[in-house]
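J.: Questions regarding the structure given below will be posed in turn.
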Amino acid sequence: MVAVYQKTDAVSVNIDNVLNSAYMQIIMCIAAFFVQFVFGVEYYTNSYKEIFKWKALGMNTLIASSTLISFIYSFVLMFLKIFHPHQFHHYHSMFESGATIIMVSMIGDLITESIRKKANSDFNDLETFIDQYVFVLKDNILIKTNIKDVKIGDLISVPKGGKIPLDSKLISNNSLINESILTGESRPVIKNKNDVLMSGSINIGEAINIEVTKLLKDSYLNQIIDKLEDIQGQKVKLQKVADKISKHFIWVIFFLSIIGFLVQFFFGGVFHNWYSNLDLNYLITWTNPSGQVANGFVSFEQIAQSIYLFITVLIIACPCALGLAAPLAIAIGSSKAAKQGILINNIDAFEKMKYVDAICFDKTGTLTTGNFVIEKTIGDLNSLNIIYELEKKSLHPLAKSYVSWFQKNHDSNKSNKSKEFKEDLIKEIAGIGIVYKENKDEYKITSLHYAQNNKFKFSNEILDNIKTLEDDKLYSHIVLSKNNVVLTIVVLSDELRENVVRSIELFNKLKIKTYLITGDNQKATSYLSKHIKFTKVYSQVSPDQKADIIKEIKASKSFVAYVGDGINDVLALEQSDLKIVMNEGSEITKSISDVILVKNDIYNVYKSIKITLETRKFLIFNLMWAFGYNIITIPLAIFGFINPILAAIIMAFSSISVLVNSLLFKIKKIK
């Protein structure tokens with residue numbers, strides 16, 4: 001056994017002699033130079049930018065400074081070995097340490113980038129849905145055209161299985177469209193002539209012709225991509241806190257590294273005292289394999305071990321994991337929501353959702369489809385064309401339904417030739433409706449409730465007809481008056497959206513209070529109350545009264561979300577803590593929203609709460625992992641338990657682990 005140990009020691013000494021020879025040191029110096037300053041030059045250039053340009057130290061500074069110090073130390077030692085071979089032969093250089101740190105960091109960065117791309121694959125998939133070229137139909141000839149050159153009104157031919165390139169309307173009679181990438185709805189949707197088609201959806205029926213209604217920059221899919229990019233550029237409160245910590249983190253690490261260096265230098269023997277007790281003598285020999293001390297240079301060993309510790313502390317610290325934790329969580333959470341037909345319009349929604357304990361709903365276009373059916377017309381039927389002229393530019397669901405019905409059942413080109421309405425005099429006023437005033441005549445299109453409250457004059461015939469309406473339908477009314485005398489009433493019926501009853505039940509189970517706030521009459525709201533268990537119902541309220549009601553609910557220490565769609569919901573949305581808007585809503589409401597429901601499904605309000613809460617939990621987990629890693633590993637490095645190469649491996653692993661966690665979150669199904 002003794003012979004074996006002696007043979008092993010002899011081999012070890014020979015290896016050390018080879019590694020520490022002057023010639024080998026020169027070869028290692030050249031190799032380290034190429035690895036560090038040629039292949040790894042980006043770390044040094046980025047470090048320069050962090051220090052002098054961006055004024056914010058980061059991971060590049062830690063890597064560059066630690067490897068540069070190890071190279072300088074080894075370079076000086078190499079010359080000492082050349083000119084004083086007997087005194088410094090037994091000291092170990094750190095050329096391989098610096099080079100290995102750079103290589104491990106580069107490999108870690110490659111793995112990180114690969115996993116990051118997989119984590120963001122949903123976002124990348126959306127971008128692939130924008131085709132560069134489309135086939136424009138001109139004079140019955142298909143012309144291959146760059147999508148950027150397509151104009152509004154152009155006709156495009158979309159083959160079976162082809163993507164709808166831009167927001168359009170269907171010119172062909174009908175088709176079957178897959179909107180799953182936009183709404184999360186797996187079932188194909190039947191589209192009829194003149195129906196709206198969203199960019200990114202897929203034609204799974206026969207070839208169709210479509211008419212472009214929006215350019216590329218304004219099309220829906222492009223807006224989603226822009227919004228996701230914008231969201232990823234924003235920061236939640238937790239991330240801002242992490243950034244503040246990271247900002248000072250590097251300085252703390254430099255301070256701890258210097259403290260470690262000074263303690264090791266002035267109170268030498270730290271390595272020996274720790275490692276001898278733990279039988280880790282192989283680490284003691286890292287800087288001085290032979291254990292010999294050069295005559296007259298007793299402190300050189302302390303310098304070597306102090307530098308060794310200094311480098312290890314710099315390398316082990318990893319702000320990368322902190323930097324990745326929040327952005328990845330937000331990116332994946334936003335993508336998950338987008339795939340379900342939920343567009344996060346404001347990053348603060350991730351923070352706000354957890355506080356929501358009350359949700360207020362508008363009725364028309366929110367809880368109901370807004371696709372009204374004309375049930376009955378009462379009064380002067382010759383005035384129907386006047387309603388058409390005044391309503392045709394309105395975006396209100398009632399107006400759009402009426403205009404569509406009128407165009408199908410009447411000749412709109414011959415509409416009201418006896419009276420011309422000047423477009424600049426048509427005013428749409430929230431809480432009233434449409435007002436047209438010219439000379440002494442004033443036409444108004446209002447709700448029945450408004451007309452009754454403001455004492456408009458009704459003929460007996462009209463009053464009798466109103467009384468005969470059934471109570472088991474969701475009725476709405478378009479009331480046309482001239483100088484406050486009611487001429488015509490159009491009665492429309494609506495239907496509940498899918499999943500409304502189920503969604504309200506789920507909110508009740510979560511102990512979230514639900515309120516219905518609508519301008520509709522009590523008959524319409526009583527119908528809803530029979531089928532849905534709201535906490536409270538408010539009917540016949542004006543837009544400013546809606547805002548007052550939300551203010552009252554907030555006064556009871558509730559955090560209020562409001563779900564609406566129209567211009568008359570703007571005041572209520574502004575007053576609420578969290579603003580949720582239906583995709584069919586006006587551009588004004590969407591511009592101030594926190595969340596947009598692309599699918600126009602109330603169940604997606606519940607889904608948005610679940611997704612944002614899960615995203616926040618994952619974000620917190622990522623941050624705790626990143627902080628926990630540093631809290632555990634930095635003390636180990638300070639007390640000399642970890643060498644520089646191991647530190648580089650652990651540092652890379654910390655970032656990779658955050659990315660792997662992100663991939664797991666990406667594939668996790670949120671119910």
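Cβ atoms are placed via backbone N, Cα and C, with glycine included.
Feature annotation from TrEMBL assigns transmembrane segment to 22-45, 57-79, 91-111, 249-271, 307-332, 618-639, 645-665. The domain 'P-type ATPase A' annotation in TrEMBL covers 132-228.
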J.: Using Cβ atoms and a strict cutoff of less than 8 Å, what residues sit near the transmembrane segment (645-665) while being 6 or more residues removed from its termini?
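T.: That would be 96-97, 100-101, 104-105, 107-108, 111-112, 115-116, 118-119, 311-312, 315-318, 320-321, 324-325, 328-329, 332, 614, 618, 621-622, 625-626, 629, 633, 637.
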J.: Restricting to the same chain and to residues at least six past its boundaries, which positions have a Cβ under 8 Å from a Cβ of the transmembrane segment (249-271)?
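T.: Contacts of the transmembrane segment (249-271) (Cβ under 8 Å, skipping residues fewer than 6 from its ends): 57-58, 61-62, 283-284, 299, 301-303, 305-307, 309-310, 313-314, 317, 319, 322, 630, 634, 637-640.
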J.: Using Cβ distances below 8 Å and needing 3 or more such pairs, separated by at least 6 in sequence, tell me whether the transmembrane segment (307-332) contacts the transmembrane segment (57-79).
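T.: Yes, the transmembrane segment (307-332) contacts the transmembrane segment (57-79).
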J.: For the transmembrane segment (91-111), find every same-chain residue at least 6 residues outside the stretch whose CB is under 8 Å from a CB in it, and list them.
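T.: Distant contacts of the transmembrane segment (91-111): 19-20, 25, 28-29, 31-32, 35-36, 39-40, 43, 63, 66-68, 70-71, 73-74, 77-78, 80-81, 285-289, 294, 300-301, 304, 307-308, 311, 315, 643-645, 647-649, 651-653, 655-656, 659.
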J.: For the domain 'P-type ATPase A' (132-228), give the DSSP counts of helix residues, strand residues and coil residues.
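T.: For that range the per-state counts are 19 helix, 38 strand, 40 coil.
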